[in-house]
Amino acid sequence: MSEPLSRAHALALDANDPLRDLRGEFLIPRHEGGEQTYFVGNSLGLQPRGAQAAVQEVMGQWATLAVEGHFTGPTQWLGYHRLVSGQLAQVVGALPSEVVAMNTLSVNLHLMMVSFYRPTAQRPVILMEAGAFPTDRHAVEAQIRFHGFDPADCLVEVQPDEAEGTISLQAIEQAIARHGARLALVLWPGVQYRTGQAFDLQAITTLARAQGANIGFDLAHSVGNLPLQLHEVAPDFAVWCHYKYLNSGPGAVAGAFIHERHHRDTTLPRFAGWWGHEEATRFQMAPQFVPSVGAEGWQLSNPPILGLAPLRASLDLFERAGMAALRDKSLALTGMLDALVQSRLPHVLERITPADSERRGCQLSLRVIGGRERGRALFEHLRAVGVLGDWREPDVIRISPTPLYNRYQDLHHFVDAVDAWARH
Ligand SMILES: *Cc1c(COP(=O)(O)O)cnc(C)c1O
């Protein structure tokens, strides 16, 4: 038996990894004749080899079929968005009718708030985390103003109450209880982008609904990272993007979930468009909007087919691996990274992500001891030697080993590179 934190042990784990073949399905960026060590799947996932073929297929249909491409063959564009809904539903634990790939994340967040943020004078408040991703904060503030309310009164932000800037469930519970009767909507992340903290979606949903508030999740850092059970957890809505852990390319078409209980509710306001009209009568081009039943009914436009194509290639790989197996490997990878950092780099890096694996996904957010200048120097050094993480001001490097294409030996590349720099 080799030492658990030895390179030999990491190599043995890689050799016996049941998911090891999946790495070969991705294009790994090069560095000085070798491969980069890429830990930025939380920001832009790597390109699946199948993505180019999926895009080429659409280009070919356009070339040879032109407008007939809308109606010809198994990948006809008329129902193209539906080609991904079964596999996507698997990834997020939903019914296929509850998910749709459309628009981009910020757009979907607005569209969902149009339907699920219905402020009244008695209940005007949106509750969210302080330090949310800026677009979420901007969208919430804009929605409050759009309804004629004042964010100073109607936006409640829950402050971090734990030492590393994370938020306890008790703090969320207290905030929901304190504002309960005035809460219209709770909007919460699945995984916090800066700290990497994962939240208990079921507990938060239960707390919000018990107060009569709607609940929506931003799952940008959760989808493809943690197993999700959206149908069972039963928030009103969720939104996410597909270019992070879902590997579908820069600016990829995003996703949305709308729980089944809302699918036939015609009293919900929505910003309608013709692609959300029921398919059977869409091309009768009548003036009256009749929504499709399900998440598809929230679509506006005919989708960007070229933008959707890479998602199909990525979802094939998620189906092949399965979220449960990916989570098992992710726990082992991130656990090993954590142990390596604690044992070999305690004087260089300190983790701000929770230690409890139930409260995190792939990502470890590592604060560089010694401040911003030292942190930037380390980050630039890592980039120069082909080890890619990403930087969050003022002093945090995020490292996200993803189970689809990262290896145990990659963790040693990272720790060795930091160690060599710190000794130098
Ligand atoms: C990545 C991310 C976004 C990005 O929004 P886009 O509309 O895709 O540009 C929004 N919110 C969160 C929490 C994110 O992590």
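Glycine residues also receive a Cβ, built from the backbone N, Cα and C atoms like all the rest.
What TrEMBL says about a protein is an automatic prediction, not a curated fact.
The pyridoxal 5'-phosphate binding site annotation in TrEMBL covers Leu105, Ser106, Phe133, Pro134, Thr135, Asp136, Asp218, His221, Tyr243, Trp274, Asn302. According to TrEMBL, the N6-(pyridoxal phosphate)lysine annotation covers Lys244.
Across Leu105, Ser106, Phe133, Pro134, Thr135, Asp136, Asp218, His221, Tyr243, Trp274, Asn302, which the record gives as binding pyridoxal 5'-phosphate, the greatest C-alpha separation is 31 Å. Proximity of Asn302 (pyridoxal 5'-phosphate binding site) to non-local residues of its own chain (separation of 6 or more, Cβ distance below 8 Å) is seen for Trp77, Trp274, Trp275, given in sequence order. A distance of 13 Å separates the Cα atom of Asp218 (pyridoxal 5'-phosphate binding site) from that of Lys244 (N6-(pyridoxal phosphate)lysine). Secondary structure at Asp218 (pyridoxal 5'-phosphate binding site), taken from DSSP and collapsed to helix, strand or coil, is strand. Residue density at Phe133 (pyridoxal 5'-phosphate binding site): 18 other Cβ atoms are found within 10 A of its Cβ, drawing on all protein chains shown. In this structure the C-alpha atoms belonging to Leu105 (pyridoxal 5'-phosphate binding site) and the residue listed as 'N6-(pyridoxal phosphate)lysine' are separated by 12 Å. Taking the Cβ of Tyr243 (pyridoxal 5'-phosphate binding site) as reference, residues of its chain lying under 8 Å away and at least six apart in sequence are, in sequence order, Leu44, Gly45, Gly249, Pro250, Gly251, Ala252. Shown in sequence order, Leu105, Ser106, Leu109 are the residues of the chain, 6+ apart in sequence, with a C-beta less than 8 angstroms from the C-beta of Thr135 (pyridoxal 5'-phosphate binding site).
For the pair Phe133 (pyridoxal 5'-phosphate binding site) and the residue listed as 'N6-(pyridoxal phosphate)lysine', the C-alpha distance works out to 14 angstrom.
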